[in-house]
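Asks: The region 'Inhibits homodimerization' annotation in Swiss-Prot covers 1-521. Sequence annotations record features per position, and here Swiss-Prot assigns region 'Disordered' to 37-61, 421-442. Taken from Swiss-Prot, the feature SUMO2 cross-link covers LYS48, LYS85, LYS424, LYS463. Annotation comment: Swiss-Prot describes THR65, THR319 as phosphothreonine. Residues annotated as phosphoserine in Swiss-Prot: SER117, SER249. The feature domain 'RRM 1' is assigned by Swiss-Prot to 134-212. According to Swiss-Prot, the domain 'RRM 2' annotation covers 231-309, on the basis of sequence analysis. Residues or ranges marked as N6-acetyllysine by Swiss-Prot: LYS256, LYS459. If you look up Swiss-Prot, you'll see 432-442 marked as compositional bias 'Basic and acidic residues'. The annotation domain 'RRM 3' is assigned in Swiss-Prot to 467-554 on the grounds of sequence analysis.
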Amino acid sequence: MATATIALQVNGQQGGGSEPAAAAAAAAAAVVAAGDKWKPPQGTESIKMENGQSTGTKLGLPPLTPEQQEALQKAKKYAMEQSIKSVLVKQTIAHQQQQLTNLQMAAVTMGFGDPLSPLQSMAAQRQRALAIMCRVYVGSIYYELGEDTIRQAFAPFGPIKSIDMSWDSVTMKHKGFAFVEYEVPEAAQLALEQMNSVMLGGRNIKVGRPSNIGQAQPIIDQLAEEARAFNRIYVASVHQDLSDDDIKSVFEAFGKIKSCTLARDPTTGKHKGYGFIEYEKAQSSQDAVSSMNLFDLGGQYLRVGKAVTPPMPLLTPATPGGLPPAAAVAAAAATAKITAQEAVAGAAVLGTLATPGLVSPALTLAQPLGALPQAVMAAQAPGVITGVTPARPPIPVTIPSVGVVNPILASPPTLGLLEPKKEKEEEELFPESERPEMLSEQEHMSISGSSARHMVMQKLLRKQESTVMVLRNMVDPKDIDDDLEGEVTEECGKFGAVNRVIIYQEKQGEEEDAEIIVKIFVEFSMASETHKAIQALNGRWFGGRKVVAEVYDQERFDNSDLSA
């Protein structure tokens, strides 16, 4: 039918149409005719598509292998995560731009008759002053230092929103200065007080306020005056494993506390490493600042200072970090969905692989889902954060996902066979007096007064047992020879397997004639061997010297920090 129609059209146009048009019509008719003559080979099936048409042949695809299916699921998960991140970033940027636009419009309208109400005008001025107070100028930066180094040095004072380094387009290097913007003004104030003239990359950096602070100085002074009415202090560089109650128990040694709150991330629910404490008396806040600033709590040096702004809930974003509430809710829902999918996928895989009576599925599933967070002991020196080394394999714990019912996780029968053996092993490893506390007992421990800091430190240090022993006051620098390392290795080998021995000479000053002390570090394969060696060697006399044997922090040792 199509061939006949086109042929009629061609014949109808032969008289009055042009030759190119006739040739094109004839070519089209030939193509259609060829299509009508072609038939699919026998034995093939047609596939009917959504638009009603059918394909001539069925393209058979091989089934996916289990590895390909797993890779496909991972790709889908990654795509979903990236989509969530993209949406959150866009919403956050739009939210911040809207706030900036509102402030700019407020400033413009205030310059032309001020149609805003007095309360709105004051709020806009205070927001602008707070934004300026969150920024610090950093000058005299060595040209080889990058943004990562600046961030690492200034991060202990509080979360950094942005670092703006000015770059030279000709030399492709920065111009030696930068602006660091924090989330809260107190972080910028602490950085200003403690980082000015600090040696960084061989130079003494200069830290000060931006040059445009002058126009906001009256509002800043007013905020500082209002802050004096509240006995609040700012605490930063808080260990991630510490809770509000832990910090409160440590700081209430200086006086009665009215409130203690750590700022939290709305997406993860974890605190952001800083918070505010309000005392009933001004003297208590002063004592806390003078005593707790640069206090080593769990391997991180606390940064403590007076609050420079009053509590202003009306002027702060609805959610911490400036994230819109809708974005926070969306992120939480998406995260829960991904977690649920992981739980279902993990349960399905284990259901096909597990052998009844041999391995408990709950113990197997604990590795990807329920690994406990490792303790972070991450400071070589005040203001410097080092890398994190996992302490030991995570303890298997089954954590059920919200909204997901998994029959495999519910009371496996083989778990009861393994528990008596586990209890017997614990009895052999730990005497009754030295048995470690259960995690639930540690979470509800009650500590206060002067011993609070010691108790919190013990709670943190229990999570990572060190295998390193340090021997002090054992030899003089002049007594060091080639045989000393072998002698120490042989002597300490009586208590366990020695991985390595390091003899470290530490100079106690910059002067040429400064005293040099010798530390000998011995790393064992197990923490129990370390404790056994310390008990045997501590207090022993060696060459007329009384040896001091102590446990050395594992994280410092792993990061080659032998200065403690």
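For all residues, glycine too, the Cβ spot is worked out from N, Cα and C.
Since we're looking at a predicted model, the values are computed, not measured.
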Asks: Between SER249 (phosphoserine) and LYS256 (N6-acetyllysine), what is the CA-CA distance rounded to a whole number of Å?
Replies: 10
Asks: Looking only at the domain 'RRM 3' (467-554), what are its DSSP counts of helix, strand and coil residues?
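Replies: So the counts come to 24 helix, 33 strand, 31 coil.
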Asks: Where does LYS256 (N6-acetyllysine) sit in DSSP terms: helix, strand, or coil?
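Replies: The three-state answer is coil.
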Asks: Give the residue from the modified residues THR65, SER249 that has the most other Cβ atoms within 10 Å of its Cβ, counting over every protein chain displayed.
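Replies: It comes out as SER249.
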Asks: Could you state the CA-to-CA distance between THR65 (phosphothreonine) and LYS85 (SUMO2 cross-link) to the nearest Å?
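Replies: Between the alpha carbons of THR65 (phosphothreonine) and LYS85 (SUMO2 cross-link) there are 30 Å.
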Asks: With the cut-off set at 10 Å between Cβ atoms, which of these recorded positions ends up with the most neighbours? Options: LYS85, LYS256.
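Replies: That would be LYS85, with the most Cβ atoms nearby.
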Asks: Return only the integer: C-alpha distance in Å from LYS256 (N6-acetyllysine) to LYS85 (SUMO2 cross-link).
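Replies: So the Cα of LYS85 (SUMO2 cross-link) lies 42 Å away from that of LYS256 (N6-acetyllysine).
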Asks: Find the average pLDDT over the domain 'RRM 3' (467-554) in the predicted model and report it.
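Replies: Average per-residue pLDDT within the domain 'RRM 3' (467-554): 89.
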Asks: Would you list the DSSP helix, strand and coil counts for the residues of the domain 'RRM 1' (134-212)?
Replies: 24 helix, 31 strand, 24 coil
Asks: When secondary structure is assigned with DSSP, how many helix, strand and coil residues does the domain 'RRM 2' (231-309) contain?
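Replies: Breakdown, helix to coil: 22 helix, 30 strand, 27 coil.
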